[in-house]
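K.L.:
My structure is below; once you've seen it, I'll send some questions.
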Amino acid sequence: MTGARGIGAGGWSRAVAATMAALLAVLIVAPVGAIFLSSFYDGGPSLSAYADFLTDRRMLAATLNSLAVATGIAALSVLVGVPLAFGVARTRMWFRGLVSAAMILSLISPEFLLAMGYILMAGPNAGYANQALRAVFDLSATSGPFDIFSLWGLIFTALPNGVAFVFLALVPALANMDPALEDAARLKGASPLRAVIDVTLPLMRPAILAGALLAFATSLAMYGAPEMLGIDVLTVAIREALLGLEFSTASVASVTLVALSALALGLQRALLRHGDRYRVLGGKAFAARRLDLGAATHLLSALAFLYVMVALILPYGTMIAVSAMKSIGNGFSAGNWTLQNFVVVLGDPSIRQAVWLSFWLAAVTATVVIVIGVLTAYVILRTRLRARSLLDYASILPLAVPGTAIGFALIVIYLNWPGNLTGFYGTAMILLVAYLARFIPIGVRNGQSGLLQIAPELEEAARVSGSTEFGALMRITIPLMLPMLVYTWLLVFILAIPELSASIILRGFGTQTVATSLLSVWNGNGGLAVACAYGVCIFAVVSALFLLAALVGRRSPAIRKSIFGGG
Amino acid sequence: MTDHAAPGPRPGSPRQAQDLRLSDVRKSYGAFTAVHGIDIDVAAGSLVSLIGPSGCGKTTTLRMIAGLEPLSSGRITSGAVVLSDGALSVPPERRDMGMVFQTYALWPHLRVADNVGYGLRRRGMNRTEVAERVRQVLAIVGMDHLADRYPGQLSGGQQQRVALARAVASQPRILLFDEPLSNLDAVLREQMRFEIRRLQQELGITSVYVTHSQDEALALSDRIVVMESGRVVQSGTPTEIYDRPRNAFVAGFIGLSNILDLSSASLNGGVLTGSYHGTPVMAAAGALDRAGGGMRRISVRPTDIRIAGPDAPAKTGVNRLPGTVASTVFTGGLVDTFVAPDADPHALIRVQSAPPAPAGQGMRVTLEFDPARSVALED
C-alpha cells in the first residue's frame with residue numbers, strides 16, 4: 001500500500017520535528033553544552049578552572065553577593081507581594097488598579113531604567129531624596145541618609161521586579177479560590193481574618209513559593225542594575241572576566257549561575273506540578289468574595305500607596321523630570337527646564353543606528369520565535385513522536401540560563417571551530433542568535449497554551465474533510481491562534497528591544513543596541529539628562545506597545561492566563 | 001488490493017453505497033489493550049451502532065475507522081479498498097468519510113457556509129459548485145437561512161445540524177457519528193435522532209454511530225454492536241438484542257432487566273426449566289445449548305411481568321411468583337412496582353406498567369410472566 005502511514009507521525013510532522021530539533025540544538029543545546037564543557041577544559045579535561053575559582057576571593061565574593069541579593073529580593077518580595085496581592089484580589093483596598101499596573105510595568109520595563117531613577121533619587125551625595133531629607137531634618141552631613149550604591153541599594157532597586165512575580169503568581173490563585181473553603185472555617189467559629197490565616201494562606205503556599213523562586217532566579221540573572229550600582233555579582237564578574245580574557249573563570253562563574261537558577265526554577269516547576277494537595281480549583285471558576293477588614297483595609301491602602309510611589313511614580317517621575325533639565329545640579333528649580341535633551345537623543349546618529357539595529361533584531365527575533373514556537377508546540381502537543389518531550393525540555397532550557405551566560409557561551413562557540421566559519425562573531429548575527437536563544441521559551445510556552453485552547457477535534461474534522469496535516473494547521477489551527485501569535489510577537493518585541501545582558505557581551509564596535517548605547521550615554525559620553533531623555537523614549541515605546549499587546553490579549557482567554565508564562 | 005482510497009465520484013452525484021468491514025482489529029497503548037481484536041461488518045447503506053459503557057473501546061474503534069488512530073493490528077476495508085492494514089493506514093483526508101463529533105468541532109472562525117463547504121473545496125470543486133452544493137445541503141437540514149452566521153452565534157441544536165450538513169456535504173463513502181447527541185437536551189435529542197435516521201436513509205450512506213444511550217441505539221440502528229472492555233459482547237438487530245440478550249451485561253445495558261438465579265436447571269427442546277428458590281420457573285433457552293451444571297440466570301423485562309391478585313388462579317404455561325409489594329414509584333408514563341418475592345424476600349423484582357398503580361405498598365400479589373418472554377443467559 002503506497003502512501004500509508006501512522007496518524008500524527010506523517011512524513012510532514014516528522015520533518016517538522018527534525019527541523020525544530022536541529023534548530024533547538026544549534027540555538028540552545030549547543031550554548032548550554034558549551035558553558036559546561038568549557039569549564040572542564042584546559043588543554044584537556046581538567047578541573048583546574050574550578051580549583052582556581054574556589055581560591056579566587058573576588059569570585060567567591062561575587063557568588064556570595066549574588067546569593068545574598070537574590071535571597072534578599074525573594075524574601076522581601078514575599079513580604080511586600082503577599083499583602084498587596086491579597087489586598088488586590090480579596091479586599092476593598094484603594095489603589096487596586098494602580099498596584100496591578102505598577103506590577104505589569106515593572107516586568108516589561110527594562111531593569112536599568114528603574115536603576116537610573118533610583119540613582120538620581122538616592123545617590124548618597126546628590127540624590128534628590130537625600131538632599132530633601134537633609135534639608136528637612138537640617139542634617140549637616142554631605143551624604144546619606146540613603147546609599148543606593150550598596151547591597152541593600154541593589155536589593156531595593158530590583159525589588160519591584162521580584163514583588164511582581166510573587167504578585168502575579170498569587171492574584172489568580174487567590175481570586176479563583178472556592179469561597180466555601182473559608183466559609184467552612186467561619187462556620188466553625190473563625191473570624192474572617194482567622195479564616196484567611198488558617199485556611200487561605202496555607203493553600204497559597206505553593207503559589208507564594210513559586211513566585212519567590214522566580215524572583216530569586218531573575219535576580220540572579222540581572223545585569224544592568226548591579227553594573228550601574230557597582231555591585232560585584234556573578235553576572236558582572238563574568239563580563240569582567242571576559243574583558244580580562246579569563247575564559248576559564250568566566251566559564252565556572254557561568255556554570256555556577258546556571259546551576260543556581262536551574263535549581264530554583266526546577267523547584268518552582270516541581271511545586272507547581274505537585275500542587276494537587278493544594279488544588280483549589282475544581283475546574284470551575286469561582287469568584288472569591290471581597291472581605292471587609294474594617295480599619296485594616298486602609299493599612300493595606302497605605303502600603304499600596306507607598307508601593308506605587310516608590311516602585312513607579314518617584315523613580316520614573318524623577319527620570320522624566322531629569323530628562324527635561326538643563327542642569328542636573330540645579331534640580332527642581334524654575335528656569336532649569338528644556339526639551340534640548342530629547343533633540344540631542346533624536347539627532348544623535350549613533351543612537352539612531354542603535355535604535356534601528358534593536359528594532360531589526362527585535363522584529364526578526366519575534367518573527368522567528370513565533371514560527372519556532374508554534375511548530376515546536378505542535379510537535380509537543382499534537383504528535384506522538386518519541387522525541388517530543390526532548391523538544392519540550394530543550395525549549396525551556398534557556399529560562400535557567402541568564403543572558404550573560406548565553407553571551408559567554410556564544411563567544412566560546414563562534415570564536416572556535418566550527419562556529420568561527422560562520423563569521424558571526426562581532427556582527428549583528430551573533431546578537432540575533434543570542435536573542436533567539438533567550439526568547440524561544442516564550443514562543444514555545446505561549447504556543448503551547450494557545451494550542452491547548454484549540455480542541456484537537458477541530459483539526460481532526462479538517463483531516464476527515466480532506467485536509468492534509470499541514471493544510472489543517474494552516475487553515476484551521478493558525479487562524480484560531482492568531483490573537484495569541486500577535487500577542488506573543490509583541491511581547492517578544494518589547495522584551496528584545498531593551499535586551500542588555502547578552503548584548504553587552506556580544507556587541508561589536510558597529511553593533512550597539514538600544515540598551516548598550518543608553519548605558520554608554522549614562523556612563524559619561526552624553527550626560528545623565530540626555531540618558532534620561534533616551535530612557536523616557538524607550539519607556540514610552542515599550543509601554544505603548546504593551547498597551548497594544550494587552551488589547552490583542554483581551555481577545556484570547558489563553559493569553560490572560562499566560563502573561564510572561566510565569567506563575 | 002487497490003492502493004488508496006479513491007476520491008470517489010464527484011460530490012453531489014448519487015453513488016453506489018459501500019460496505020465496511022473490520023477484521024480482528026486490535027488497539028493497545030503500551031501494556032493496556034483498548035480493543036481486543038474485534039470483527040464488525042457494516043452492510044452497504046446501513047447504520048450500525050456501537051454501544052457500551054465509557055471505556056469500552058467504542059470511540060477508539062470509531063477513530064480507527066476514521067484513520068485518526070493507527071491500528072495495532074487487523075484490517076479495515078470498504079468495498080475493494082483497504083483503509084488500514086496493521087500499522088499501515090490511509091490518512092484520514094484520503095478516506096472519503098464524513099464525521100460528526102461529540103463537540104460538533106465546528107471551526108469557530110469560519111461562517112456556516114464555509115464550514116460546510118470546506119471539504120468540498122478540499123476535494124477540488126470550484127467556488128460556484130461549492131456554493132450551490134452548500135445551499136442544497138443546508139436546505140436539507142433546515143439551516144439555509146443561517147449560512148452567513150458564525151458557529152458561536154448558533155444554538156446547540158443549530159450547531160448540530162451544521163455539523164451534520166458538513167459531514168454529508170461531500171456524499172462520503174462512510175458516515176461516522178461520535179456520540180453526536182450527548183450535548184443536547186432531551187427534547188432536541190429525540191428530534192435530532194429522527195432527523196439523523198431520515199437523512200442517513202435518504203442518502204443511503206453506510207454509517208457507524210457510537211453512543212452510550214440505548215434509546216438512540218434502538219431507535220436509529222439497523223444493527224447494534226454491544227461492546228464491553230474492548231470486546232464485542234453481542235451484535236444483532238435492535239429487536240434481537242432486546243429480546244434475546246446473551247448475558248446479564250447486555251440485558252442490563254440495553255433496557256431494564258430483572259436477573260433471576262435458577263438452580264437445578266435443565267434444557268429440553270428450547271425451554272429451560274429450573275427452580276427459583278424452590279419455585280419452578282421456565283424460560284426460552286435462546287442461544288443456550290446446555291444447562292451449564294444446573295445453575296443458570298434468566299432475564300425478565302419489567303414490562304413483561306403482570307401483577308395479579310394473591311388468589312389469581314394458576315394458568316398453565318405461565319410463571320408465577322407470589323410476593324409482597326415493597327414500594328411503588330410513579331414516573332409519569334409508567335408506574336414502577338418493586339415486589340419482594342416470597343421465594344427470596346431479600347430480592348426486589350421490578351415491574352413496569354401503565355398507571356394507575358396496580359397494587360399498593362404491603363399488598364400481597366402474584367407476579368405472572370410468560371416463559372417465552374423470559375430469556376436464559378449465558379453467564
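Placement of Cβ uses the backbone N, Cα and C atoms for every residue, glycine included.
What TrEMBL shows for this protein is this:
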TRANSMEM  A:21-41  transmembrane segment
TRANSMEM  A:61-86  transmembrane segment
DOMAIN    A:63-268  domain 'ABC transmembrane type-1'
TRANSMEM  A:98-121  transmembrane segment
TRANSMEM  A:149-171  transmembrane segment
TRANSMEM  A:207-225  transmembrane segment
TRANSMEM  A:252-272  transmembrane segment
TRANSMEM  A:293-316  transmembrane segment
DOMAIN    A:355-549  domain 'ABC transmembrane type-1'
TRANSMEM  A:359-381  transmembrane segment
TRANSMEM  A:393-417  transmembrane segment
TRANSMEM  A:423-444  transmembrane segment
TRANSMEM  A:484-506  transmembrane segment
TRANSMEM  A:526-552  transmembrane segment
K.L.:
Counting Cβ pairs under 8 Å that sit 6 or more residues apart, are there three or more between the transmembrane segment (A:484-506) and the transmembrane segment (A:393-417)?
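P.N.:
Yes, since the transmembrane segment (A:484-506) and the transmembrane segment (A:393-417) share at least 3 Cβ pairs closer than 8 Å, they count as touching.
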K.L.:
Looking only at the recorded stretches A:293-316, A:359-381, A:393-417, which one has the largest tally of CB-CB distances under 8 Å to the transmembrane segment (A:423-444)?
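P.N.:
Looking only at A:293-316, A:359-381, A:393-417, the most contacts with the transmembrane segment (A:423-444) come from A:359-381.
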K.L.:
Against which stretches of its own chain does the transmembrane segment (A:98-121) lie, if we need a Cβ under 8 Å and a gap of at least six residues from its ends?
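P.N.:
84, 87-88, 127-130, 148, 153, 156-158, 160-161, 163-165, 167-168, 171, 222, 224-225, 228-229, 304, 307-308, 311-312, 314-319, 322, 328, 494-495, 498, 500, 515, 518-519, 522, 528, 531-532, 535, 538-539, 542-543, 546, 563-564.
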K.L.:
Which sequence-distant residues neighbour the transmembrane segment (A:293-316)? Criterion: at least 6 residues beyond either end, Cβ under 8 Å.
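P.N.:
Same-chain contacts beyond the ends: 80, 83-84, 86-87, 91-96, 98-99, 101-102, 105-106, 113-114, 116-118, 120-121, 129, 159-160, 163, 192-193, 539.
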K.L.:
Do any residues, 6 or more residues outside the transmembrane segment (A:61-86), come within under 8 Å Cβ-to-Cβ of it, and if so which ones?
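P.N.:
For the transmembrane segment (A:61-86), the list is 99, 151-152, 154-155, 158-159, 161-167, 170-171, 174, 196, 201, 204, 208, 211-213, 215-217, 219-220, 226, 231-237, 253, 256-257, 260, 300, 303-304, 307.
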K.L.:
Same-chain Cβ contacts of the transmembrane segment (A:252-272) under 8 Å, 6 or more residues past its ends?
P.N.:
32, 35-36, 39, 49-50, 52-53, 59, 62-63, 66-67, 70, 206, 209-210, 213-214, 216-217, 220-221, 234-235, 237-238, 241, 399-402, 404-405, 408-409
